[in-house]
Amino acid sequence: MWELVETVRSMLNSLHDGEISVSAYDTAWVARVPALDGSNTPQFPMCLNWIMNNQLEDGSWGDRDLFLTYDRICSALACAIALKTWNTGDKIVHKALEFIRKTMPKMELEDSTHMPIGFEIVFPAMIEEAMALELDIDYTAPVLQTIYAERKKKLERIPMNVVQNYPTTLLHSLEGLHKTIDWDKVIKLQSPDGSLLFSPASTACALMHTGNEKCLQYLNNLVKRFNCAVPNVYPVDLFEHLWIVDRLQRLGISRYFTQEIKSALDYVYRYWTDKGIAWARGSPVQDADDTSMAFRLLRSHGYDISPDAFKTFQEGDSFVCFSGQAGQAVTGMYNLYRASQVMFPGETILEEAGSFARKFLEGKRQENQLYDKWIISKDLPGEVEFALDNPMHARLERLATRRYIDQYAADDVWIGKSLYRMPFVNNPIFLELAKADFNMCRALHRKEFQQLERWYDESSLSMFKGFSRSKLEQTFYSAAATIFEPELSPARLIWSQCWFLSLGINEYFDYQGSTKELEDLINNVERWNVNSLGNCSAKVKILFVELYNIVQNHSKQGFLYQGRSIGGALREIWKTWLSSLLQRTKWKMSDNYPTLEEYLKASHSSIEPAVRSTVYFVGETLATGDLKDSAICQMMNTASRLVQDTHTDKVDSSLNSITIYLEENPQLTESEALSQVQALANKNMQKLLYETLQPGALPQACKQLFLNAARIMNVFPGTNKVQAKLSNHVKRVLSQPVL
């Protein structure tokens, strides 16, 4: 496995302008450029040779392993025109024209979603050139009229005076407009690298019309870089940097490449603008897809970044990927939706973007149209559906990883001006490493659970209804699904024992135990003497002894991790939590409701003892007051309590956030109060995310535990619902190896 890690690390350390497959379509345009010295020869004869040497058996050019009619015909016509321009390769041209005549009617049957970028602009222009060259194809085919109509609609959205004077996406397809535009104006929109919006075809056309030296330099560099051919777009540096980081994270292997990922994101951050970014540095045109991916990754890694960039893509009540676009791309809206998930309080633009993107994606799901115009991937519908059904605040990392390992493919194909592949974004090495890592962690987690089972069997907890073996498995799953790294084995065991114990205690006092028993348990925790338990029930004695043994064991381990005694801190954690349970019990028995503020301030989630105990075991040394002075625990408790109350069981119906909210706002209906509490829960999750990502005294690894805990409570909000929802998740993460 470590050989795979080093291979990936080598890839990451070699990132530059992007690894991308070549394009026959763009290479054909470069091959058409006449020699700038005035001789009747091509400026790039090596590109002409590449065309003649790379025709496929059926007479077309393009991706050998994937046939899309639009793509193949567009490339075939471009190559035929290039060869005919220089009166060479007659047999190759004849074979290409046969392919075009035979295949053109199939364009009417192919989904227009898979039409190459700018096809409706460049293809009609090539048809006119083919006619002028007297190439033998059907110029009366009905499908051509449809394409001409699409061209007219697009040009109406972006008028020619705009194209010639302002950066737009049509700079990427100027070869389709070369007879009508003013090249003296357009060349002023040239990118610093000499290209026209990083399009080799568009730049080749500009070179033909202007002889611009920077255009020539750009194409010379590309032809040399790609061995006599060119890609459909270049560079793709920001795109590659971002999508690699995204894939590594979703595959669960990013922890092996912490420094390399930081370098990649530092690079992207360097080119971030207040209007967003595009696929390449220095682009005069930004797009919502790359901007969304960059925003989400940068923010989640702690970079200071403003969501105001999304105003670039807001048009009234809608959001677009590009100004003047013909239609929305599923992946663009998918990434916009994902970006909205890292929203901080008060960020209205992200709230609006997320709402719009979700509505769009839900509509596509209902219509069974979750496929995209920019990528052909293994399971895009599954990716989108998982994101919609599992928002970030209610998603467990290892479950998402397990799902994405099944969805990731090494051979995804992207749709640009022609089909292309990104070998550093999609490759078999990533997948092989992800599977090996997942199976390694799963095997370790199974051994740890066996250790927990032995502890359970040796305890007396099984006599209580709330301490079932299935609940033990489920609490361990919550740890394995969030703090999964092999080196954090003690943290997982401590988390599991603590949450298992707090859930069982909570259930006992909800259904069976008396207020006096709870008070007795708290008194025993205060005395902390297992040999002097006072006059309390047998069950309280058992609960205290089990709690005592757990805390004592954790205290011994904690000394090794912290270099000091943490026993007092661990005891205080349980005393605080049990006292909150007592306060809640007294409120339920009383006729006087607390205010919502009082209620939330006094609420301590059942998962709190697990989180606050585990922070000492994640590899960070904590000063005595670090945790006490942090507001993050209260934020987690508030968010968790609000979520639990919106899914409340009947036993809690007498006292929860909704009943209190109704008491304070009697004019509201129960459903209206529920909506208000749900909105409050979402706002508190945003506050918790903000607190987690901000620098502070508490280390990041510790803060992440509190965020993970709140997410767990969002996934499994009610203790009586845990088993039903968890069973399949436990099986996938703990029991099933990845094949």
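Cβ coordinates come from backbone N, Cα and C, glycine included.
Per Swiss-Prot, the features are:
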- K154, K373: substrate binding site (BINDING)
- D287, D289: Mg(2+) binding site (BINDING)
- 287-290: motif 'DXDD motif' (MOTIF)
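Known features from Swiss-Prot, placed on the structure.
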residue: K154; record: substrate binding site; DSSP (3 states): helix
residue: D287; record: Mg(2+) binding site; DSSP (3 states): coil
residue: K373; record: substrate binding site; DSSP (3 states): coil
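Of all Cβ atoms in the shown protein chains, 23 besides its own fall within 10 Å of the Cβ of D287 (Mg(2+) binding site). Across the structure, K373 (substrate binding site) and D289 (Mg(2+) binding site) place their CA atoms 13 angstrom apart.
By the criterion of other Cβ atoms within 10 Å of the residue's own Cβ, the least surrounded of the binding-site residues D289, K373 is K373. Cα separation, D287 (Mg(2+) binding site) to K154 (substrate binding site), rounded: 18 Å. On the 0 to 100 pLDDT scale, the model's mean across the motif 'DXDD motif' (287-290) is 96. Within 10 Å of the C-beta of K154 (substrate binding site) there are 19 other C-beta atoms, taking all protein chains into account. Annotated pair D289 (Mg(2+) binding site) and K154 (substrate binding site), C-alpha to C-alpha distance, rounded: 20 Å.
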